[in-house]
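Engineer: Below, the features straight out of TrEMBL:
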TRANSMEM  20-41  transmembrane segment
DOMAIN    33-307  domain 'G-protein coupled receptors family 1 profile'
TRANSMEM  61-89  transmembrane segment
TRANSMEM  109-133  transmembrane segment
TRANSMEM  153-174  transmembrane segment
TRANSMEM  204-224  transmembrane segment
TRANSMEM  254-276  transmembrane segment
TRANSMEM  296-319  transmembrane segment
Amino acid sequence: METKGYQCRSSRYIESGQSAVPSSVLFAAGLLGNVLALLLLGQHRRRSRSPGGRPPRVSAFYVLVTVLAVTDLLGKCLLSPIVLAAYAYNRSLSELGPGGRGEDEPGVLCQLFAFLMAFFGLAPTLLLLAMALECWLSLGHPYFYRRHLTRRLGVTLGPAAAGLCALFCALPLLGFGVPMQYCPGTWCFIRMAGGGPRELGFPVLYAGLMGLLVLAIGACNVSSMRHLYGMARRQPRRGPPPAAAPRMEELDHLVLLGLMTVLFTVCSLPLIIRAYMGAFAADINENADLSALRFLSVNSIVDPWVFIIFRTSVFRSFIRRVCRR
């Protein structure tokens, strides 16, 4: 199997001159942002409590946002401590968790890291698609939405989607795709360049699936904007406030979803491009692959801060004024 271009694939120690400060700062920012986002969501749940002490009426959109924040937080808490431990012991991931079946294969810890990276890169995409579908159905097909989208359906589909995502991301552990250690020895992901169909089939499928999900999310958002614009044109210019309130709540959902979608697209495009370039152009560039992986990991850090900024009254009033005009 060709190893040219991948200098840290079998290294036992972290490259000299590398510091743990950037990883520590990113971990702290992701941890703080997701915790604050969950606190804001809990506050929203308390404010949504019905009169008489009945259970709070929380929209499905906010339930999905909560699941997204929990997923991002779980990903940070599982991946970042492994990176920080590698820096603390000055050992690569394959050296910290040995046990590969051959000399060229990474250790067990590296394979687990590659699986977690793939899973926590794909799972937020599925959640964003669920949020986009929820927003599109609530605006364009309200009767179908109220009749069929129940809490029981959400409880059933959520674990099922997570299970399918985990099975798909586990394919490299079964031989379809090759987990590999990247420089400086603290990252592991699927090999994206060099090799045959067995090595490159999974990254191409992974990138293609993410690309299709991004296109589906964009299509749902555009359709939701069209429905919202049509509702705004049909409303009287001086209608009562209660009639306009539900539309403003859906506008908030759509704007927040649009911001998160743009952020995710920017963070995932480098990985999609690198996967196709490595498979079809045989472009072996470990630094470019590592930059694409770092872009993908930044999404779970910035996502909660986008939600926190969006929840501020100044930002929301500015967005509403712009959308009204």
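Count begins at 1; order follows the chain as displayed.
Placed from the backbone N, Cα and C atoms, the Cβ positions cover glycine too.
Walk me through where these features lie, including what they touch and how far apart they are.
Structural biologist: The predicted model assigns the domain 'G-protein coupled receptors family 1 profile' (33-307) a mean pLDDT of 78.
Residues 14, 18-20, 23-24, 26-27, 30-31, 34-35, 37-38, 41, 44-45, 96, 109, 113, 116-117, 120, 123-124, 127-128, 130-131, 134-135, 138, 154, 158, 185-187, 253, 256-257, 297, 300-301, 303-304, 307 of the same chain lie 6+ residues outside the transmembrane segment (61-89) yet bring a C-beta within less than 8 angstroms of a C-beta in it.
Residues 61, 64-65, 67-68, 71-72, 74-75, 78-79, 82, 92-94, 96-97, 100, 157, 161-162, 165-166, 168-170, 172-173, 179-181, 187-190, 206, 209-210, 213-214, 216-217, 220-221, 224, 253, 257, 260-261, 264, 268, 271, 293, 296-297, 299-300, 303 of the same chain lie 6 or more positions beyond the ends of the transmembrane segment (109-133) yet place their CB under 8 Å from a CB of it.
For the transmembrane segment (204-224), same-chain residues at least 6 beyond its ends with a Cβ under 8 Å from one of its own Cβ atoms are 118, 121-122, 125-126, 128-129, 132-133, 135-136, 139-140, 168, 190, 254, 257-258, 261, 264-265, 268, 271-272, 275-276, 279.
Counting residues 6+ beyond its ends, the transmembrane segment (254-276) has Cβ neighbours under 8 Å at 61, 65, 121, 124-125, 128, 131-132, 135, 139, 192-193, 203-204, 206-207, 210-211, 214, 217-218, 221, 224-225, 228, 283, 285, 288-289, 291-293, 295-296, 298-299, 302-303, 306-307, 310, 319, 323 in the same chain.
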